[in-house]
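Peer 1: I'd like to ask you about the structure that follows.
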Amino acid sequence: MATSFPFSPSLSLNTLSRNTLFFTKTIPFSRSSFLPRSLSKSLISISTRRCTFTVRAQSQNGADAVAPHYDFDLFTIGAGSGGVRAARFAANNGASVAICELPFSTVSSETTGGVGGTCVIRGCVPKKLLVYASKFAHEFEESNGFGWRYGSEPKHDWSSLIANKNAELQRLTGIYKNILNNAGVKLIEGHGKIIDSHTVDVNGKQYSAKHILVAVGGRPFIPDIPGKEYAIDSDIALDLPSKPGKIAIVGGGYIALEFAGIFNGLQSEVHVFIRQKKVLRGFDEEIRDFITEQMSLRGIEFHNEESPQAITKSADGTFSLKTNKGTVDGFSHIMFATGRRPNTKNLGLETAGVKLAKDGAIEVDEYSQTSVPSIWAVGDVTNRINLTPVALMEGGALVKTLFQDNPTKPDYRAVPSAVFSQPPIGQVGLTEEQAVQQYGDIDIFTANFRPLKATLSGLPDRAFMKLLVSAKTNQVVGLHMCGEGAPEIIQGFAIAIKAGLTKAEFDATVGIHPSAAEEFVTMRTPTRKIRKSQSSEGKSGSDVKAAAGV
C-alpha cells in the first residue's frame, strides 16, 4: 500500500551503521520512498504530512553519496487506455515519463500492438463501428412500416467497411501519439521487458525509472483442441478479408453476443455455441433470458450446453465443429470468444519478483501496487474489472498516489457497463441475485413492452427494464435494461445509482415523453417482492429460492 504511515524512530536508528554520509533531505515517508541503508546519526523532525530527515553521514569509502538518479520518474509498458492516461497525467504533474509500445497492427501478437491498445485498435472502437454497420439491415426493414420503398435490396460492401474502419483506427492512433507528445511523454517503440525493480529493457536498450507501470492489457484465448489452428479470435474477426457466409461463434459472453449481432446484421448465418445453459454469466437472470429470446427472433441459432471438442476442414474449404452433442458442418469461419488472458508473458515479471495469479494476472493491492514496491499495474493485466473506463480510472488514481501526494484507491462502486449486442444491454449496480444476497428484502420493478417504433415497423422488437430496490432503505441498488438505446440511457442513470438515490426520488423525477427512458421514473407498482422469509408477493416459494440463488 502506498499510503503514508507513522515513522518509528527506534526502527530507523537501530539500523544505522557508523560509516555514513552527509546529506540533508526531506522525504515523503511512504512505502515507495527511498531510504539509504547505511546511516549513523540523524536528527528527525516529523511534520503533519511528511517525515523530514536531516542526516549527517559519511560513506564507507569516504566519498560523498547522492540519491539514485533515474532516467525517468515513471516508465510505462503498454500504451493502451490505462497506460496512456497514467503517462499523460503524470507528465502534466511535472514527472519525467516514458512509455513503450509495440508497432501498430490491427491484430495483436508477440511483436505487434499499437498506441491506443485493445480498445482503440481491436476492441471497443472498431467493434462499435461494425455494430453501426450491421444495424442498417434492421433499420431498412423497420423503414418499410414508415412508408419507405426501395427499388432493389440494399447491398453491403465488406471491403469498404474494413478499409474505412482501418483508416479511422490509424487516425485515432495518431491522435494518441500527439496527446503523448504534447504532454512531454517520450514514446519508445518496441517490446518492454523488466530487468529489475527500476530497469526496463526495450529492444536491447535499458532505461531506469523510479516507478515502473505495467499496462499491457490482455489477449484473446483459444482453448487447445484439435484443429484450433483453423479458428479465429476477436482480433481477426474485426479484420477479415471477406464477410463470413456461415459462422460459428464459440462463447456466451459479451464479446460473443456482440459479434453474433454484427454478423447477423450483415446477413451471415450465425450459430452461437455456449457451454452453459444461458448466455452472459454474471448478468441478471431476466436480462439473460430476454436477450436470448430477442436475438433468436432475429435469426441467430443458439446451441446451449455444447462444448467444442474439435475443428475439421473439409475438401471444399469449409469447417466442421464437433461438440459433446454432435457435429455441425459448412462453416466458412469458426470464431472463439472464450475469454481473454492477461498479457504477462515475456515481461520479466517473475524475475523481478512480481507476484502473478494462476491466470497470469498481476496481483496488486488497493492502490495498484505489486509485490515489488516500485512496480505498479493497471487495466486488464490485473484482471479486476476489465473495462476501458475502469483502466482510465485506475491510471488516474495511480498518478494521484505517486505524483500528487494523495494516495487514492480506484472506486469500483456502481460501475456501469454495456453489451453492444442487438438489442443492446446496459446495467449498473446489483443483479437480482446479488441484491437478495446483500439486502435480503428487495422490491423488484420490471417493464416489458413494445417500443413505439415497433408499432409501425411491425417487427417483434421489445424492450425490458428492471429496477431493484432495497425494501428497508428504499435505495435503488440495481438498474438493468435490454433494448434500443440501453447504453446511453444507463450511463445517465448510473449517476443516480452512484449517488445512492431512492425510489422516491426516481418517482419524483418528471419523465421525458415519449421515450423508453421514462419507464425508469414511472414504475409505481412492484412486479414482485422478495423477503428474507422466502415469502413473496407475485412469486412462489420455489421461484423466490431460485432468484435468491438457493
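The backbone N, Cα and C atoms fix where each Cβ goes, and this holds for glycine too.
Quick paste from TrEMBL:
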- His513: active site, proton acceptor (ACT_SITE)
- Lys128, Gly192, Asp380: FAD binding site (BINDING)
- Gly251, Gly252, Gly253, Tyr254, Ile255, Ala256, Leu257, Glu258, Gly339: NAD(+) binding site (BINDING)
- Cys119-Cys124: disulfide bond (DISULFID)
- 526-550: region 'Disordered' (REGION)
Peer 1: Would you count the other C-beta atoms found within 10 angstroms of the C-beta of Gly251 (NAD(+) binding site) for me?
Peer 2: 22
Peer 1: For a quick check of understanding: given the listed FAD-binding residues Lys128, Gly192, Asp380, what is the maximum Cα-Cα distance in angstrom, as an integer?
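Peer 2: Those residues reach a largest Cα separation of 30 Å.
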Peer 1: Taking the mean position of the Cβ atoms of Gly251, Gly252, Gly253, Tyr254, Ile255, Ala256, Leu257, Glu258, Gly339 as the NAD(+) site, which residues outside that list, in the same chain, have a Cβ no more than 8 Å away, listed in sequence order?
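Peer 2: What remains near the Cβ centre is Ile249, Phe259, Val279, Leu280, Ala337.
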Peer 1: Which one is it, among the recorded positions Cys119, Gly253, Leu257, that lies nearest to Lys128 (FAD binding site) by Cα separation?
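Peer 2: Nearest by Cα distance to Lys128 (FAD binding site): Cys119.
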Peer 1: Need one number for the NAD(+)-binding residues Gly251, Gly252, Gly253, Tyr254, Ile255, Ala256, Leu257, Glu258, Gly339: the maximum pairwise CA distance in Å, whole number please.
Peer 2: 13
Peer 1: Measuring Cα to Cα, how far is Gly253 (NAD(+) binding site) from Cys124 (disulfide bond) in Å?
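Peer 2: Cα of Gly253 (NAD(+) binding site) to Cα of Cys124 (disulfide bond) measures 15 Å after rounding.
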Peer 1: So what sits near His513 (active site, proton acceptor) in its own chain, CB-to-CB under 8 Å and at least six residues off in sequence?
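Peer 2: Listed in sequence order: nothing, so none.
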Peer 1: So what sits near Gly192 (FAD binding site) in its own chain, CB-to-CB under 8 Å and at least six residues off in sequence?
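Peer 2: In sequence order, the residues whose Cβ lies under 8 Å from that of Gly192 (FAD binding site) (at least 6 apart) are Phe75, Ile77, Gly78, Cys100, Val200, Asp201, Val202, Leu347.
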Peer 1: Take the C-alpha atoms of Cys124 (disulfide bond) and Ile255 (NAD(+) binding site) and report the distance between them in angstrom, rounded.
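Peer 2: Cα-Cα distance, Cys124 (disulfide bond) to Ile255 (NAD(+) binding site): 10 Å.
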Peer 1: Return the count of C-beta atoms lying within 10 angstroms of the C-beta of Asp380 (FAD binding site), excluding that atom itself.
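Peer 2: Result for Asp380 (FAD binding site): 31 other Cβ atoms within 10 Å.
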Peer 1: Would you mind checking how many other C-beta atoms are within 10 angstroms of the C-beta on Lys128 (FAD binding site)?
Peer 2: 14
Peer 1: When neighbour density is defined as the number of other C-beta atoms within 10 angstroms of a residue's C-beta, which of the recorded positions Cys119, Cys124, Ile255, Leu257 has the lowest density?
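Peer 2: Lowest Cβ count within 10 Å among the recorded positions (Cys119, Cys124, Ile255, Leu257) is Cys124.
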Peer 1: Spatially, and counting Cα to Cα, which of the binding-site residues is closest to Cys119 (disulfide bond)? Options: Gly251, Gly339, Asp380.
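Peer 2: Going through Gly251, Gly339, Asp380 one by one, the closest to Cys119 (disulfide bond) is Asp380.
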